[in-house]
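Record features (TrEMBL):
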type	residues	note
BINDING	B:51, B:52, B:101, B:129, B:132, B:264, B:265	carbamoyl phosphate binding site
BINDING	B:80, B:162, B:225	L-aspartate binding site
DOMAIN	B:2-141	domain 'Aspartate/ornithine carbamoyltransferase carbamoyl-P binding'
DOMAIN	B:149-299	domain 'Aspartate/ornithine carbamoyltransferase Asp/Orn-binding'
């Protein structure tokens, strides 16, 4: 059994789909934070069989819930203060995401216009479909849970 | 300040008002001949389009205004690497309204976000061409008397044809409109139109390959050109360009009051012999396009003529 110590202040991202933790680590820019991060891969889970967990010791406001909701809104976010879970935050699909994914349409203006933000807007919440704000290219989250 | 990026930027009521205004312009052109005196339209065309550009320019000149602009990326500062955002900021100092065509999808939307003047999308890649759609709606409503209870055949390049996509999006807002989608396998309507627009809104449609099979049931046949500039592969273009040719014999299969529309330019897809058929209204459609662009310029500039 692998033991990782608890954290005093920060957050624990639980119920991450197995294999997704490194993408989340990258997209949340945790590599840019000067703090302790523990990534647990393929932990046993009654609910999911296997799951990933990320523990981060840092102020909770450093976490971009929109990006996390975009990647997978089924992740459980436990807020830790004084070694205890003080809050469980619910994630939602954000109405739009900025500069998280890049439009793949070679005909899109985002492919040539300098310093134009890559903005995707939630088009169909039920199917978790986003569309590029400019060319309406479709994006379906590959991590979407069926 | 309002812009026009997609036909859906206008509500059904606003479209109706715009078409009413266009019909009034058609009946009383003199009344509007000086409505835009002192106003300037900038036509910013990053890719060639004689027809749309001249139609916009004719519309502004008919309203007593003036026009300026460029008609290819080569003759604009885009060749020097200027962004669309910067270009529109500068154009905003020169003109009162801008019509922009750009090969990149979403470019007019980028312009509208930085512009100090109304921007009209005059076609952005394979994406939207809202003024063509408004011209199509005006033509159908003026000549059929309605936009509901119609069976519309869309024929040709349904994959890349932005006029077709825009027209479907605009027409599904009217009651009891049925579509017959006529195309070769390779140029079928994209999934996002089939699933997210037609099926999602419970719109009746069928997909067929033979034009002859579709003809008898159509109230409107909307022909399109297979556009060379949308293909990455020349071989595919050559194979598909003459897939459909509307001839007199095929017109004999159609209803007596069916309309044939085409956004033009035509290449081979409508035989010249069809031009004399009173049901062939594509040249009238080009005239209606001027009226609807006049109505749009007046509306976006907030100019009312009593």
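Glycine is no exception: its Cβ is also placed from the backbone N, Cα and C atoms.
Curation plays no part in TrEMBL annotations; they are all automatic predictions.
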Item to check | Maximal Cα-Cα distance (Å) across residues annotated as binding carbamoyl phosphate, namely B:51, B:52, B:101, B:129, B:132, B:264, B:265 | outcome: 16
Checklist entry - With a radius of 8 angstroms around the mean position of the C-beta atoms of B:51, B:52, B:101, B:129, B:132, B:264, B:265, what other residues of the same chain does the carbamoyl phosphate site pick up? => result B:49, B:55, B:122, B:123, B:163, B:263
Checklist entry - Just the number: how many Å between the Cα atoms of residue B:162 (L-aspartate binding site) and residue B:132 (carbamoyl phosphate binding site)? => result 10
Checklist entry - Fewest neighbouring Cβ atoms within 10 Å: which of the binding-site residues B:51, B:101, B:129, B:162, B:225? => result B:51
Checklist entry - About how far apart, in whole Å, are the alpha carbons (Cα) of residue B:225 (L-aspartate binding site) and residue B:265 (carbamoyl phosphate binding site)? => result 8
Next on the checklist: Tell me the coarse DSSP state (helix, strand, coil) of residue B:264 (carbamoyl phosphate binding site).
Outcome noted: coil
Next on the checklist: Through the lens of DSSP with three states only, how would you label residue B:162 (L-aspartate binding site)?
Outcome noted: helix
